[in-house]
Amino acid sequence: MTKLDKGTVIAAGLELLNEVGMDSLTTRKLAERLKVQQPALYWHFQNKRALLDALPEAMLRERHTRSLPEENEDWRVFLKENALSFRTALLSYRDGARIHAGTRPTEPNFGTAETQIRFLCAEGFCPKRAVWALRAVSHYVVGSVLEQQASDADERVPDRPDVSEQAPSSFLHVLFHELETDGMDAAFNFGLDSLIAGFERLRAAVLATD
């Protein structure tokens with residue numbers, strides 16, 4: 001019989017998530033996976049919502065390797081590396097962005113958040129704008145991964161035509177084909193670089209008035 005501790009339940013939950021997706025993940029299926037009776041799960045998670053709240057933290061612990069700035073790191077480099085690492089973590093599991101969306105920081109995450117905020121403040125951001133910048137990047141990552149994972153799910157539909165094939169003009173046909181060739185990574189990096197460039201202009205304007 002599987003030793004049922006919280007870590008074992010979460011690990012099995014992540015495996016099941018990859019197999020069936022968020023909508024089809026149930027405590028009944030999880031109990032079957034663990035070869036236990038469903039009530040045994042309630043010692044650790046009272047319901048599916050409680051389980052889903054725990055999965056994002058496990059994803060980030062496992063895959064988000066750049067949540068903290070390195071010594072003497074440029075703030076722009078940190079924001080980009082942090083975002084790329086966060087994106088990798090969400091993409092590593094099916095419906096990763098959907099599960100993460102709407103979650104709030106828990107006590108173990110407060111130390112990381114404070115370190116990030118203090119780092120940006122030392123680089124010329126006021127505390128409020130440091131939080132806004134971090135939130136903007138986080139929301140951009142989650143939103144883009146939501147779109148990407150939804151698109152990946154659509155592509156599994158048989159005989160689904162490419163967008164470029166449906167374009168009404170040759171201009172759009174060529175453009176859409178180029179965008180599809182470039183892929184999601186190029187589009188994501190463009191948006192992220194644009195965000196960070198905007199933060200730099202706002203930061204410079206504030207420093208110029210001090």
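Using N, Cα and C of the backbone, Cβ positions are placed for all residues, glycine too.
Annotation comment: Swiss-Prot describes 3-63 as domain 'HTH tetR-type'. Annotation comment: Swiss-Prot describes 26-45 as DNA-binding region, evidence class sequence analysis. Per Swiss-Prot, the feature tetracycline binding site maps to H64, N82; the stated evidence is similarity to another entry. Sequence annotations record features per position, and here Swiss-Prot assigns Mg(2+) binding site to H100.
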Count of other CB atoms lying within 10 Å of the CB belonging to N82 (tetracycline binding site): 21
Residues in the DNA-binding region (26-45) grouped by DSSP into helix, strand and remaining coil: 14 helix, 0 strand, 6 coil
Those binding-site residues listed as H64, H100, and which of them has the most Cβ atoms within 10 Å of its own Cβ: H100
Rounded to the nearest Å - Cα separation of H64 (tetracycline binding site) and the residue listed as 'Mg(2+) binding site': 13
Cα separation, N82 (tetracycline binding site) to H100 (Mg(2+) binding site) (Å, whole number): 16
Segment confidence, the domain 'HTH tetR-type' (3-63), expressed as mean pLDDT: 91
